[in-house]
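Trainee: This is the structure, below, for whatever I ask next.
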Amino acid sequence: MKHFIRFESKELGQELIDLARAYKATPRLDLAKGQGKRVGCIFLNPSLRTRVSTQIAAQNLGMEPIVLNMDKEGWALEMKEGAIMNKGTVEHIKDAAGVLGSYFDILAIRAFPSLTNRDEDVNDFIFGQFVKYCGKPVVSLESAIRHPLQSLADQITMKEYSDGKKKPKVVLTWGPHIKAIPHAVANSFSEWTLGMGYDLTITHPEGYELDEVFTKGATLEYNQSKALEDADFVYVKNWSSFNDYGKILSTDPSWMLTEKHLKKAKNAKVMHCLPVRRNLELSDEILDGSRSLVQKQAENRIYAAQAVLSSILG
Ligand code: CP
């Protein structure tokens, strides 16, 4: 595997899930594998889980992780080719990415979308500039449109809690939020869930349709109660509108999942990538109850990252 940026195939997905589960059973199984290697974790945006789990994953493989909070500690980056840099930007991405590539064996990058320029975001412009200029294998720590490490951890978690069911019903439901939130987690969850062969139902208020590139093959159901019937896994996430790009079209509190919503889904497990705004996006009673898998998902972030780094090391 050269880069880890998107879902590639069911076979590779399964390999990564199996490897991650082996690492979960024996975290230091391959402690010698990454000796003498460095991974640079470059953050252009905040993070808790991704930052820490990727560092632990690297250490479990004997690698040295170095974190750079580029948004706060690095120079202001210029992204435009041929720019005359006589304003606020100090360093061009091609110089910065080239230097980082020379320092590290693997670069891991987080670059959120602007949510104002749909074309740039859909083409993952900033993330793509790093890939183009660093010359090293790249791991996505969440780009403008995808969060594959989160999705891999989610797949591991669903595997662990499927109770042997071959075709569990998986539902992705929109939850309310007061901020415009990126599409990356919802896109990637859909891409990976469909790619791994699950049936997926997506439910949200009208106007919140995701990019079809990620949802082709899913069932769209605007009626949330109907969508949730007999669900085995319910993934809760907010996202802003894709068609009316980056806009908040609804904050309807009736979409926030509570026990009442799951009356017809008695065994449903509830997932969320975190961070979550409690009692806005998802209720305390669900998050603190026995259905919640959110802490398990967060724990699995370590082994997802470890499997990915290990596969890139070869
Ligand atoms: N789920 C997730 O990516 O969390 P962080 O933003 O805290 O890394």
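Numbering starts at 1 and runs along the chain as displayed.
Note: Cβ is positioned from N, Cα and C throughout, glycine not excepted.
TrEMBL: automatically predicted annotations, no manual curation.
So TrEMBL says this about it:
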| type | residues | note |
| --- | --- | --- |
| BINDING | Ser47, Leu48, Arg49, Thr50, Trp75, Arg110, His147, Pro148, Leu149, Gln150, Cys273, Leu274, Arg301 | carbamoyl phosphate binding site |
| BINDING | Glu142, His177, Lys237, Arg277 | N(2)-succinyl-L-ornithine binding site |
| DOMAIN | 9-160 | domain 'Aspartate/ornithine carbamoyltransferase carbamoyl-P binding' |
| DOMAIN | 185-311 | domain 'Aspartate/ornithine carbamoyltransferase Asp/Orn-binding' |
Trainee: May I have the DSSP-based helix, strand and coil counts for the residues of the domain 'Aspartate/ornithine carbamoyltransferase Asp/Orn-binding' (185-311)?
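Mentor: Breakdown, helix to coil: 49 helix, 19 strand, 59 coil.
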Trainee: Give the sequence-ordered list of residues that share a chain with Cys273 (carbamoyl phosphate binding site), lie 6 or more positions from it, and have CB atoms under 8 Å from its CB.
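Mentor: The list for Cys273 (carbamoyl phosphate binding site) reads Arg49, His147, Gln150, Asp154, Val185, Lys237, Gln297, given in order along the sequence.
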Trainee: Just how many other Cβ atoms lie inside 10 Å of the Cβ on Leu149 (carbamoyl phosphate binding site)?
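Mentor: So the Cβ neighbour count for Leu149 (carbamoyl phosphate binding site) comes to 27.
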Trainee: Measuring Cβ to any atom of ligand 1 with a strict under-6 Å cutoff, which of the binding-site residues Ser47, Arg49, Leu149, His177, Cys273 qualify?
Mentor: Ser47, Arg49, Cys273
Trainee: Taking Arg49, His177, Lys237, Arg277, Arg301 as the binding-site residues to compare, which has the smallest set of other Cβ atoms within 10 Å?
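Mentor: If we count Cβ atoms within 10 Å for the binding-site residues Arg49, His177, Lys237, Arg277, Arg301, the smallest count is at Arg277.
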Trainee: Over the domain 'Aspartate/ornithine carbamoyltransferase carbamoyl-P binding' (9-160), work out the mean pLDDT and round it to an integer.
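Mentor: Looking only at the domain 'Aspartate/ornithine carbamoyltransferase carbamoyl-P binding' (9-160), pLDDT averages out to 97.
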Trainee: Which binding-site residues from the set Trp75, Leu149, Arg301 come within 10 angstroms of Glu142 (N(2)-succinyl-L-ornithine binding site), judged by C-alpha positions?
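Mentor: Among Trp75, Leu149, Arg301, the ones whose Cα sits within 10 Å of that of Glu142 (N(2)-succinyl-L-ornithine binding site) are Leu149.
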Trainee: Go through Trp75, Glu142, our binding-site residues, and report the one whose Cβ sees the most other Cβ atoms within 10 Å.
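Mentor: The residue with the most neighbouring Cβ atoms within 10 Å is Glu142.
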Trainee: Do me a favour and check the Cα-Cα span between Trp75 (carbamoyl phosphate binding site) and Arg277 (N(2)-succinyl-L-ornithine binding site); whole Å is fine.
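Mentor: Approximately 31 Å lies between the Cα of Trp75 (carbamoyl phosphate binding site) and that of Arg277 (N(2)-succinyl-L-ornithine binding site).
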Trainee: Write down the Cα-Cα distance for Ser47 (carbamoyl phosphate binding site) and Arg277 (N(2)-succinyl-L-ornithine binding site), rounded and given in Å.
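Mentor: Ser47 (carbamoyl phosphate binding site) has its Cα 15 Å from the Cα of Arg277 (N(2)-succinyl-L-ornithine binding site).
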Trainee: Reported as an integer number of Å, what is the Cα distance between Ser47 (carbamoyl phosphate binding site) and His177 (N(2)-succinyl-L-ornithine binding site)?
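Mentor: Spelling it out, the Cα of Ser47 (carbamoyl phosphate binding site) and the Cα of His177 (N(2)-succinyl-L-ornithine binding site) are 19 Å apart.
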Trainee: For Leu149 (carbamoyl phosphate binding site) and His177 (N(2)-succinyl-L-ornithine binding site), what Cα-Cα distance in Å is obtained after rounding to a whole number?
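Mentor: Checking the Cα atoms of Leu149 (carbamoyl phosphate binding site) and His177 (N(2)-succinyl-L-ornithine binding site) gives a distance of 23 Å.
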Trainee: Where Arg301 (carbamoyl phosphate binding site) and His177 (N(2)-succinyl-L-ornithine binding site) are concerned, what is their Cα separation in Å, rounded?
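Mentor: Rounded to a whole number, the Cα-Cα distance is 24 Å.
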Trainee: When DSSP is mapped onto helix/strand/coil, what comes out for Leu149 (carbamoyl phosphate binding site)?
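Mentor: Note: Leu149 (carbamoyl phosphate binding site) is helical by DSSP.
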Trainee: Let me know the largest Cα to Cα distance in Å among the carbamoyl phosphate-binding residues Ser47, Leu48, Arg49, Thr50, Trp75, Arg110, His147, Pro148, Leu149, Gln150, Cys273, Leu274, Arg301, as an integer.
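Mentor: The widest Cα-Cα gap among those binding residues is 30 Å.
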